[in-house]
Amino acid sequence: MSDQASDPYMYDDDSSSITPEDCWTVISSFFQEKGLVSQQLDSFDEFIESTIQELVWEDSRLILDQPAQHTSEEDHENRRYEITFGKIYISKPTQTEGDGTTHPMFPQEARLRNLTYSSPLYVDMTKRVLKSDDNAGNEHELEWIEEEIKDEEPSTKVYLGKVPIMLRSKFCMLRDLGEHEFYELKECPYDMGGYFVINGSEKVLIAQERSAANIVQVFKKAAPSPISHVAEIRSALERGSRLISSMQIKLYGREEKSTSNRTIKATLPYIKEDIPIVIVFRALGIVPDGDILEHICYDANDWQMLEMLKPCVEEGFVIQEREVALDFIGRRGALGIKREKRIQYAKDILQKELLPNITQDEGFETRKAFFLGYMVNRLLLCALERKEPDDRDHFGKKRLDLAGPLLASLFRILFKKLTKDIYNYMQRCVENDKVFNLTLAVKSQTITDGLRYSLATGNWGEQKKAMSSRAGVSQVLNRYTYSSTLSHLRRTNTPIGRDGKIAKPRQLHNTHWGLVCPAETPEGQACGLVKNLSLMSCISVGTPSEPILYFLEEWGMEPLEDYVPSNSPDSTRVFVNGVWVGTHREPAHLVDTMRSLRRRGDISPEVSIIRDIREKEFKIFTDAGRVYRPLFIVDDDPESETKGELKLQKEHIHKLLNAEYSEEYATNEFGEEEGPYGWSSLVNDGVVEYVDAEEEETIMIAMTPEDLEASKSSLTATQQKSLQLEEQELDPAKRIKPTNSSTTSTFTHCEIHPSMILGVAASIIPFPDHNQSPRNTYQSAMGKQAMGVFLTNYSVRMDTMANILYYPQKPLATTRAMEHLKFRELPAGQNAIVAIACYSGYNQEDSMIMNQSSIDRGLFRSLFFRTYMDLEKRQGMKALETFEKPSRSDTLRLKHGTYEKLDDDGLIAPGIRVSGEDIIIGKTTPIPPDTEELGQRTQYHTKRDASTPLRSTESGIVDQVLLTTNGDGAKFVKVRMRTTKVPQIGDKFASRHGQKGTVGVTYRHEDMPFTSQGIVPDLIINPHAIPSRMTVAHLIECLLSKVSSLSGLEGDASPFTDVTAEAVSKLLREHGYQSRGFEVMYHGHTGKKLMAQVFFGPTYYQRLRHMVDDKIHARARGPVQVLTRQPVEGRSRDGGLRFGEMERDCMIAHGAAGFLKERLMEASDAFRVHVCGVCGLMSVIANLKKNQFECRSCKNKTNIYQIHIPYAAKLLFQELMAMNISPRLYTERSGVSVRT
């Protein structure tokens, strides 16, 4: 750094303060290192690298005891068979072909051949046989001696199954490849990974939101319930089984009714009744009343709380020994067993099931008692109204389960199943005295198929229990536009019933700030339940808590067992992951130490450290699934000379910038080089810090570095006021800066940039801070339907459907966040010249007029690809179906379309023009000789047609044909068809502000209005679209785009910057235009000046995927349903248009009976029935050729009537008959009087 001249980024020395530009440099370094899907990749890597191994070791020993058989003299030994699981091995993804060869697999091949991108998993298994002598007698434990096994190898590597691999994770083939290698592998360098390829389709795991385990929460209960307050905790072990045992402590009696009998009871797992709290304490070995009270109430002078505890102590007065208390609990758990057993049962429950997160070992009763007391204390504080009840929707008390935990829970179930199978095999072998083969014992299909099934269907759980499992966890990755893909990978889901109209969980909560996007959520039933992560938020993968406990013990934490509340009334309680581990007398010092350890990197940066001064609590969380985000640290050390400034200095910015150009390396404390200076170097230098929602509430955050400067510079309040007045006179539209009174200048952190609170879809909106909030939400949904280039390798991909815009442009008004969303490289829209005017009236109600000449020149044209797929089904080695060109002579049931375009191999050649219902893949199935094919079959027909026709509503050109084999070695074909879609009347377009509209009419160039310079707009939208929607940003975008097209620079439309409409107007004026963007226009037909000036300029428009050609539908006659003989439903099946209940009601109200009859019967399912005039049933046998009619049961051949009723009515009558109800139809002429 000494050689300043060579440094390309040297600033003036006086500008030592951090500018917004510097903040963007830091943000750049964040995205360079992390990317946008790091939360998916990190979580999956954690699963592969450590979780699988832990799950395998969780129940790593299978033990089978075989008692002595005593069949012969020698055979008096007990045998014990033992199988142990050891290390696991996983490699890069491979594919085993049908002929048994194995080769490495790349994602593109998996996509094209419909394979699963997965890696084989192996595990070391060891078997031992131990024996013991039976003659030793049964007084003491049997001694197990290793039985000598001749040359048995110590451990065998056994194949467990295949695990799907997430793309771009550490085990993926594409990790850390260069640009050129991507090209050779036909992968797009912009593809960010984070998804799986299962059977050729790309699947994302959506993050699932849940409440955090191991935290105590107190809630109020509503009036009718006898319980007024309840404290609950859902316990889960930190590592290993997700078995959650929950426990509640309930405060009975409502304060209105009575004050005397407000008892407190606990709900214990596996115990049917609620147990009075005092009895639980006594069962835990805390017997005297005084000790119990001391565990609950930490202040002996707090008479209110002691008064609340009086009824509880009285209730438990009858039981005064530990044994009796245990027996009391045991009686209510296990029925009909002896007293000793009951006591042991109660002991086991208290040890293993009560608060298992503290420990499941014995001898920790005091810890559990203190924690129980803490829960009761929290409950009473809430009941005494000294503390608010907890907020269920607080985001800090939520966790997101990503790929790692989700796959872990699945793998655990499957692995348990596998070990059970191994155990059963072992038992069978021992019983039948067979040789035990490890490789045969393991059913590798269990894990392979189980994982694949869940990822393919989204039903998370076992296949057999598909009903109980969660649905929609895994979804097909949305590949419409690049931003829709990104957004899908950062989506979170809250599994609450969608139908319940509960508002609370759906609302935006204060704690969501910076962690989830405030704008991007769907409309309708999932609103607020499906969220998207903000740009810089990450999710913790979880770190072990042991090192932290070790640190705490080093730094003077007193263990909980030694805690005596009366001796140290002011000490602070220390919690780690919700477990109370001890107390500390100097919390401030401890917190500072822990923070500095975290900033130095001795503790993982994702650990959150929370000190609640008021409640005298110090909480540390290290668990997985916490959402956190980075912030700049403000130096608040009173001794430091940079007090009140950012820890981030100019030198850090220089290092970051230089790392891009020179080989500037970060050095760690040992002076070793660690690669270029980047984001992680900033974290290690203690300049930025990760903060989660819970910790965020204990710190003070400045919005921008400027605010920090303002609070630091000690202007008096009056000086600030006068400064503000001056500013206000300059520009009324300027942002109002918060005035910092000198009391609140205790900032500890600073936002990196406020625009980072937005998610992927909302970051594309220019000036979102100038729009009404729902408009941003609408655009966030619509931006995902815009056409663009979804990936650069679209020409080699065979997606089911793909839309590519001919000529996508980057927007003239950009946001800084777009650089990191690759929106410049892969845009989704075009800059259209837009006039906001009424012209001819064809742009009313959100329609717009489009310039036909622009369309002819290629404006908003797009390509559409659709892929058809088929394969030859096989049974074992013989093929059931064959690709061929079916011939009329020997094939049954040929389709309507033409078979002429097929080649002899049954496939169509690329470049051929096809239209609706043409056959593009010819395929036949052999007919077994003995089947009767509904009377159509003759002896010539040996095959049935199974061809694939083109969709009836589409036409185009065959683009690409891929013939290959799938994983089972069956022949397999994909045919891609392409069409050009030209904008026409009825197609849907939208600007980036939720201003959507359809094309109302297209005028040629000469019919459009023009400006004095002869510029003609591409679009004319209606001015009525603006005022009620308040999308001011739409107008500012137009102004800014106009300026940037004149100046040749990109306009910066990022949110929360100092750009004002006034500033943009000034620039526009300097370029010689009217400052507010109005222009004089001339009528296209007459050439006269228009009466009003027209707001005119370029605006970025998106072509959306709803096109009129894909929706147009009409039908006269066509296919009908088999059962009701009414027209089928849906455009794809050429269905009818439903005349529904509401339409029927309108016709009844209108009184148009003839029309009603025609719609509901004649045009639908009219049917002729013959009815017997005697019995009124449809039992007539009619011979229409001979004109003979007869009702056999009535012996009636003359009194018969022909009526017309809807077929559905006939069906109803027959169904009633089947239920033993006889509907009799009498006509006017049958003369039967129906009594009224």
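Counting begins at 1 with the first residue displayed.
Backbone N, Cα and C atoms are what each Cβ position is placed from, and that goes for glycine too.
Within the listed segments 528-550, 781-803, 827-849, 1172-1194, Swiss-Prot records zinc finger for the stretch 1172-1194. The number of other CB atoms found within 10 A of the CB of CYS1191 (Zn(2+) binding site), across every protein chain shown, is 23. Note: the zinc finger (1172-1194) comprises 3 helix, 9 strand, 11 coil (DSSP; helix = H, G, I, strand = E, B).
Those same-chain residues not listed among CYS1172, CYS1175, CYS1191, CYS1194 yet with C-beta within 8 angstroms of the centroid of the Zn(2+) site C-beta atoms are GLY1173, VAL1174, GLY1176, LEU1177, SER1179, VAL1180, SER1193, ASN1196, ASN1199, ILE1200. Distance between Cα atoms for CYS1172 (Zn(2+) binding site) and ASP846 (Mg(2+) binding site): 60 Å, as a whole number. The Cβ of CYS1194 (Zn(2+) binding site) lies under 8 Å from the Cβ of CYS1172, VAL1174, CYS1175, each on the same chain and at least six residues away in sequence. One residue stands out among the binding-site residues CYS1172, CYS1175 for having the most other Cβ atoms within 10 Å of its Cβ: CYS1172. Of all the Cβ atoms in the protein chains shown, 16 others lie within 10 Å of the Cβ of ASP846 (Mg(2+) binding site).
Counting only the Cα atoms, the space from CYS1191 (Zn(2+) binding site) to ASP846 (Mg(2+) binding site) is about 64 angstrom.
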